[in-house]
Amino acid sequence: MTSEDVLAEFRAAGALREGHFVLSSGLHSPVFLQKNLVFMDAARCERLCKALADKVVAAVGRPDAAISPAVGGIIPGYETARHLGVRSMYVEREGGEFRLRRGFHIEPGERIVMVEDIVTTGLSSRECIDAIRKAGGKVIAAACIVDRSGGRADVGVPLIALATLDVPAYPADALPPELAALPVEDPGSRRLAKA
Ligand SMILES: O=P(O)(O)OC[C@H]1O[C@H](OP(=O)(O)OP(=O)(O)O)[C@H](O)[C@@H]1O
Ligand SMILES: O=C(O)c1cc(=O)[nH]c(=O)[nH]1
Ligand SMILES: [Mg+2]
């Protein structure tokens with residue numbers, strides 16, 4: 001599946017949104033990939049995650065488990081794990097930091113692939129990878145449906161992206177005037193978790 005095929009799935013799902021968005025990292029962007037509109041369609045989600053699982057196996061072999069950062073990573077993490085034939089877990093924020101909860105457990109040294117939905121700066125991926133390491137896992141790779149950093153995000157391990165896009169994102173004090181003029185939406189969960 002090419003980046004253009006992945007983008008076509010987002011377009012068909014109405015998930016390629018334009019406006020003024022504040023992202024998880026605090027950067028602002030005129031484009032938001034509303035992945036939930038993609039993942040709510042089980043057939044579409046399966047097509048994408050099967051292709052991602054195949055790409056993971058080709059790059060690093062089959063891991064022991066997949067772990068994702070809540071909330072956005074949970075559905076693609078589960079579906080990718082299903083195609084890998086391995087168990088699926090997620091970390092969630094407790095006092096702002098990702099942690100494995102709900103009885104999820106990793107044996108020391110288990111080979112884990114971290115599965116994200118979207119990578120922008122890679123911050124959430126790095127936080128998730130730290131949490132997996134703290135829980136005793138060995139992170140062999142990161143995987144995501146879309147890397148919107150144009151391949152520049154560094155998550156500290158090899159990043160296997162089903163699609164790589166280069167989407168603009170700006171610090172709050174460097175907004176182009178046409179973006180600053182639009183009302184801002186904050187669609188993610190990072191700031192909800194801190195509220
Ligand atoms: O690479 P980054 O700069 O970290 O941005 C990408 C992250 O932002 C979104 O999560 P968000 O924190 O908005 O919450 P969500 O998972 O609930 O959508 C997305 O799911 C990624 O986890
Ligand atoms: O960086 C983000 O927070 C982000 C960007 C995007 O396009 N989609 C998303 O769900 N999160
Ligand atoms: Mg997320």
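Cβ from N, Cα, C; glycine included.
Taken from TrEMBL, the feature 5-phospho-alpha-D-ribose 1-diphosphate binding site covers Glu116, Asp117, Ile118, Val119, Thr120, Thr121, Gly122, Leu123, Ser124. Feature annotation from TrEMBL assigns orotate binding site to Thr120, Arg148. Summarising the annotation, TrEMBL assigns domain 'Phosphoribosyltransferase' to 45-153.
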Secondary structure content, the domain 'Phosphoribosyltransferase' (45-153) (per DSSP, counts of residues): 39 helix, 37 strand, 33 coil
Cβ-Cβ neighbours of Ile118 (5-phospho-alpha-D-ribose 1-diphosphate binding site) (radius 10 Å): 26
All-chain count of other Cβ atoms within 10 Å of Glu116 (5-phospho-alpha-D-ribose 1-diphosphate binding site): 26
Residue pair Gly122 (5-phospho-alpha-D-ribose 1-diphosphate binding site), Arg148 (orotate binding site) - Cα distance, angstrom, rounded: 10
Where the C-beta lies under 6 angstroms from ligand 3, the matching binding-site residues among Glu116, Thr120, Gly122, Ser124, Arg148: Ser124
Binding-site residues (Thr120, Ser124), the one with most neighbouring Cβ atoms at 10 Å: Ser124
Shell list (5-phospho-alpha-D-ribose 1-diphosphate; ref centroid = CB of Glu116, Asp117, Ile118, Val119, Thr120, Thr121, Gly122, Leu123, Ser124; cutoff 8 A): Ser24, Ser25, Ser125, Cys144, Asp147, Ser149, Ala153, Val155
Binding-site residues close to ligand 1 - of Ile118, Thr120, Ser124, Arg148, only those whose C-beta is under 6 Å away: Ile118, Thr120, Ser124
Binding-site residues near ligand 2 among Glu116, Gly122, Ser124 (Cβ under 6 Å): none
C-beta crowding around Gly122 (5-phospho-alpha-D-ribose 1-diphosphate binding site), within 10 angstroms: 21
